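Chemist: Below: one structure in structure tokens.
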Amino acid sequence: MSKQNPWHMVSPGENVPNAVNAIIEITNGSKGKYELDKETGLLLLDRVMSSSVVYPANYGFIPQTYCDDKDPLDILVICSVDILPLTLVEAQVIGVMNMVDGGEQDDKIIAVAKNDPVFNYIKDIDQLPPHTMKEIVQFFESYKALEKKHVIVEGVKGREEAQRILIEAIDLYKKEFVNK
């Protein structure tokens, strides 16, 4: 696995666990499922979604994190603009959506773009407009249905739980890639 890609080269952020660096893979409103190719550091078109849903927020990962699914920790960045892929965004952590995908834990950190005055007042998940989180949950519950794959959204929790999961993912990254 090459270390010459954003996953390994970019810091998780200066203000962890309150704020993180997020690297966007998928723009809000996209039907394309892109993900970082771990070997090249380029974005790989994993698939075009077979259902009529689109990503409800900008989606990406937090660099120098690692999870049990062998990927970096996922993040949704709520922002008033669609953020281009491979853009580095400072994001305030406000919550987490606990999810199981294909039998593996696959949590999603929920954050707001720190430099977006439309959303940067939000400090915890319960300050989001309620319908925003309903859309996010509904998307992940249904986005793989036509592929006959099962996803379970276990629940949504606030900032403190998100920060705990974030620190755990940073520690696991260090154990897997730094302290070997």
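Glycine is no exception: its Cβ is also placed from the backbone N, Cα and C atoms.
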Chemist: According to TrEMBL, ASP69, ASP74 bind Mg(2+) 1; identify which of ASP46, ASP82, ASP106 is listed for that same site.
Modeler: ASP106
Chemist: What is the separation, in Å, between the Cα atoms of ASP74 (Mg(2+) 1 binding site) and TYR59 (substrate binding site)?
Modeler: 7
Chemist: Restricting to the chain of LYS33 (substrate binding site) and a gap of 6 or more, list residues whose Cβ falls under 8 Å of its Cβ, or answer none.
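Modeler: The answer is ILE26, LEU45, ASP46, ARG47, VAL48, MET49.
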Chemist: Do you know offhand how many angstrom separate TYR143 (substrate binding site) and ASP106 (Mg(2+) 1 binding site) by C-alpha?
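Modeler: Checking the Cα atoms of TYR143 (substrate binding site) and ASP106 (Mg(2+) 1 binding site) gives a distance of 14 Å.
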Chemist: Could you state the whole-number distance in Å separating the C-alpha atoms of ASP106 (Mg(2+) 1 binding site) and TYR59 (substrate binding site)?
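Modeler: That separation, Cα to Cα, works out to 14 Å.
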Chemist: For the Mg(2+) 1 site (ASP69, ASP74, ASP106), what does the 8 A shell look like? I mean other same-chain residues with CB within 8 A of the CB centroid.
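Modeler: Same chain, not in ASP69, ASP74, ASP106, Cβ within 8 Å: CYS67, ASP71, LEU73, MET99, ASP101, GLU104, GLN105, ASP107, LYS108.
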